[in-house]
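Q: The structure that follows is given in the form of C-alpha cells.
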Amino acid sequence: MEQRKLMRVLNGETVSPPPVWLMRQAGRYLPEYREIRAKAGGFLDLCYDPDFATEVTLQPIRRFGFDGAILFSDILVIPDALDRGLHFVAGEGPKLTPLRVDEVASLDPSRAETHLAPVIATVARLREELPAETTLIGFCGAPFTVATYMIAGHGTPDQAPARLFGYRHPEAMEKLLYLLAEMSADYLIRQLTAGADCVQIFDSWAGVLDEACFEAYAIGPVRRMVEKVRAAKPDAKIIGFAKGAGAFLSTYREKTGVDAVGLDWQVPMGFAQDLQRSGPVQGNLDPLRLIAGGRALDEGVDRILQNLGSGPLIFNLGHGITPDAPIEHVEALLKRLRG
Ligand SMILES: Cc1c2[nH]c(c1CCC(=O)O)Cc1[nH]c(c(CCC(=O)O)c1C)Cc1[nH]c(c(CCC(=O)O)c1C)Cc1[nH]c(c(C)c1CCC(=O)O)C2
C-alpha cells in the first residue's frame, strides 16, 4: 500500500492538502461518545475496555474521515498503574492521592505491564479495524505533565505544587521524572509493537517552566524516552507537543530528538516557518476559532495553510477540542482544508 498521508509528512514530505486530525477528537462534543460513555459507567472504565475504547476511537474517523486516529485512553493511566488513587469527578477532572516526597523512592512500576494490557489490546484491535489509509497514533503524557497531576493530586492553573516540589526536592523530582520516562517509553514501545504507526508525547504543562527547569524537566526526560523508544524501534516516528513552550521550541526537536514539533495556537507563523525548515510541524488552530466558526474559523485555517502549507504540515488544533465544539464547524474546517 502507498504510505499513509500522515506518515509521509512525518517522513518529511509535503502533502497537499495536509493530513488532519484533532487533539481530543474522540470525546464529549460527539453525541455517539456521550451515549457510549453513559453505558460504560466511568471514564476510566471506557479506557480499560478494548470494545468500548476501540469503538470510541473509531467514532470520529467514521464521521469525519480524519487522516489520523488517536488511541482512546488518557495520560493518567501511568499514575494509575502506580496505584495513585486515580478517579474522575464529574465536572472537576482527575483526582489522585497527592504524592509526598518520601513516597517517591517506593513507587513500584512492576504492575504497569499487566495494568496497561487492555490499552495495548485496544491498539491491536484498532489496527485491524481502521481503514488502511488512516494513521494510528499512540500516545502518552510527558513525565513533567504527568508528575504535575501526581504531585498536586488534581489539575491546577499554574502547576505551582509541582514547581515548588522541584525547587525544594530536586533529587526526588529527578527520580520521579526518570521513573516516569522509563515507564512511558516502555508503554510507547508496546503501543508501536501492537500496531501504532507513530506516537505523540503530550507535555501540556511545559509552558509553566523557567529555562533551567525546562531543560531539566521538559527536555532531559523526554530525550531519554526518545532514546529508549528508538533503541527498540529505530524507525519510530515521534511527535512532541510541549504546549506553551514559546521560544524553547527553537531547539526542542534537536535537543529531544522528536521527529515533529506540535505547535500551540500562540506560536507565531514566522517562528513556525523557521521550525518547519528543520522538519515537520503540527498545529495550530486556536480551538476557540472552531467554536466560533464562520469567518474566525476560515481565516484561522487559511493563515495556517498560507504560512505552513508548502512544507511538511500535519493540520491540527493548538490544543484539544472542547465539549462545546459544534459538529458543523468541524465539517466546515475539513471542507475549507480539503476543498
Ligand atoms: C492533561 C491531559 C489529560 N489527558 C490528556 C492530556 C494531555 C492533552 C491535553 O492537555 O488536553 C490526553 C488525552 N485525554 C484523552 C485523550 C484521548 C484521545 C483523543 O481523542 O485525543 C487524550 C490524548 C481523553 C479524555 N480525557 C478526559 C476526557 C473527558 C472524560 C469524560 O468523558 O468525562 C477525555 C475524552 C478527562 C481528562 N483527562 C485529563 C484531564 C485534565 C481531564 C479532565 C478534563 C476534561 O474533562 O476535559 C488529563
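Keep in mind that glycine also has a Cβ here, set from the backbone N, Cα and C atoms.
Bear in mind that the values here come from a model prediction, so they are computed numbers and not experimental data.
Below are the features listed in TrEMBL for this protein:
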DOMAIN    19-28  domain 'Uroporphyrinogen decarboxylase (URO-D)'
BINDING   R24, Q25, A26, G27, R28, D74, Y149, S204, H319  substrate binding site
SITE      D74  site 'Transition state stabilizer'
DOMAIN    137-153  domain 'Uroporphyrinogen decarboxylase (URO-D)'
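Help me see these features in their spatial surroundings.
A: Away from its own ends, the domain 'Uroporphyrinogen decarboxylase (URO-D)' (19-28) comes close to residues 5-6, 8-9, 34, 37, 56-57, 59-60, 64, 66-70, 72, 135, 137, 241, 314-317, 319-323, 330, 334, 337-338 of its chain (Cβ-Cβ under 8 Å, at least six residues beyond either end).
In the three-state DSSP reading, R28 (substrate binding site) counts as coil.
Secondary structure at D74 (site 'Transition state stabilizer'), taken from DSSP and collapsed to helix, strand or coil, is coil. Every protein chain shown contributes to the tally, and the Cβ of D74 (site 'Transition state stabilizer') ends up with 19 other Cβ atoms within 10 Å.
The list of residues near the domain 'Uroporphyrinogen decarboxylase (URO-D)' (137-153) in space but at least 6 beyond its ends in sequence, with Cβ under 8 angstroms from a Cβ of it, reads 6, 21, 68-71, 73, 75-76, 78-79, 82, 84, 94-99, 123, 159, 161-162, 165, 173, 176-178, 180-181, 184, 187-188, 191-192, 196-206, 209, 217-218, 221-222, 225, 239-240, 242.
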Q: Can you name the residues of this chain that are 6 or more positions from A26 (substrate binding site) yet have a C-beta less than 8 Å from its C-beta?
A: Y33, V56, T57, Q59, P60, I70, F72
Q: List every residue in the same chain as Y149 (substrate binding site), at least 6 positions away in sequence, whose Cβ is under 8 Å from its Cβ.
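A: Listed in sequence order, they are L76, P79, P94, L96, G155.
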Q: Could you state the whole-number distance in Å separating the C-alpha atoms of R24 (substrate binding site) and D74 (site 'Transition state stabilizer')?
A: 10
Q: Which has the fewest other Cβ atoms within 10 Å: R24, R28, H319, the binding-site residues listed?
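A: R28, out of the binding-site residues R24, R28, H319, has the fewest neighbouring Cβ atoms within 10 Å.
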Q: Anything from the recorded positions R24, A26, D74, Y149 with its Cβ under 6 A from ligand 1? List those in sequence order.
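A: Within range of ligand 1: R24, A26, D74.
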Q: Taking all residues of the domain 'Uroporphyrinogen decarboxylase (URO-D)' (137-153) together, what is their mean pLDDT?
A: 98
